[in-house]
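Taking it in order: structure first as structure tokens, then the write-up.
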């Protein structure tokens, strides 16, 4: 079974938690796209929900699938967000942002009563950090911000090269919010909550891809079926 088929299975399992009338956060990435497509099928069958997309790509996908959209300016809270992840540990802390939407993803997740993370089981890891950690930064004063990121990482006992993410045109990748992304190849992050706090204390850092304490459940698909992990 292909990775893409497993992603779709995880998305289908998460869809079982959606109820009529819900306000949903719609994630970004290949697994979240499966969820949006499957949700669209349910909407066409009569399900009544509204969604808040976490990126312009997801917005376009949701509209194409016939899902009604709203914004966090128009609703106070969301009932549920369903999103993918680049890495998940047993405590349901995550690395996200491989698709470049980490800021909006974190804003939407924080505004939700529950967050379900969907992935194929290869994303479950003992320790976060093998996947490069995305850090969204302001373009102004980049060199100073990079030095501060290196210092923050060192204080948390993690080291590794930093690279500015490039787009397909060879120039700096620009997020929906107009920022740049630095990818930190750290290998292993022993204390993710501390590193997240240290990074977000840097003036040039807009947000980081460590999602701490936001996910309430992970739905993981593997060759032997669906595995559910709930936050302790």
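Along the chain as shown, residues are numbered 1 onward.
For all residues, glycine too, the Cβ spot is worked out from N, Cα and C.
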According to Swiss-Prot, 28, 29, 30, 31, 83, 84, 85, 86, 96, 97, 98, 99 bind substrate; which one of 123, 166 is annotated to that same site? 123
Spacing of the two Cα atoms, residue 85 (substrate binding site) and residue 105 (active site, proton acceptor), in whole angstrom, works out to 10
Excluding 28, 29, 30, 31, 83, 84, 85, 86, 96, 97, 98, 99, 123, please set out which residues of the same chain place their CB within 8 Å of the center of the CB atoms of the substrate site, keeping sequence order. 27, 32, 105, 119
Residue 28 (substrate binding site) has how many other Cβ neighbours within 10 Å of its own Cβ? 29
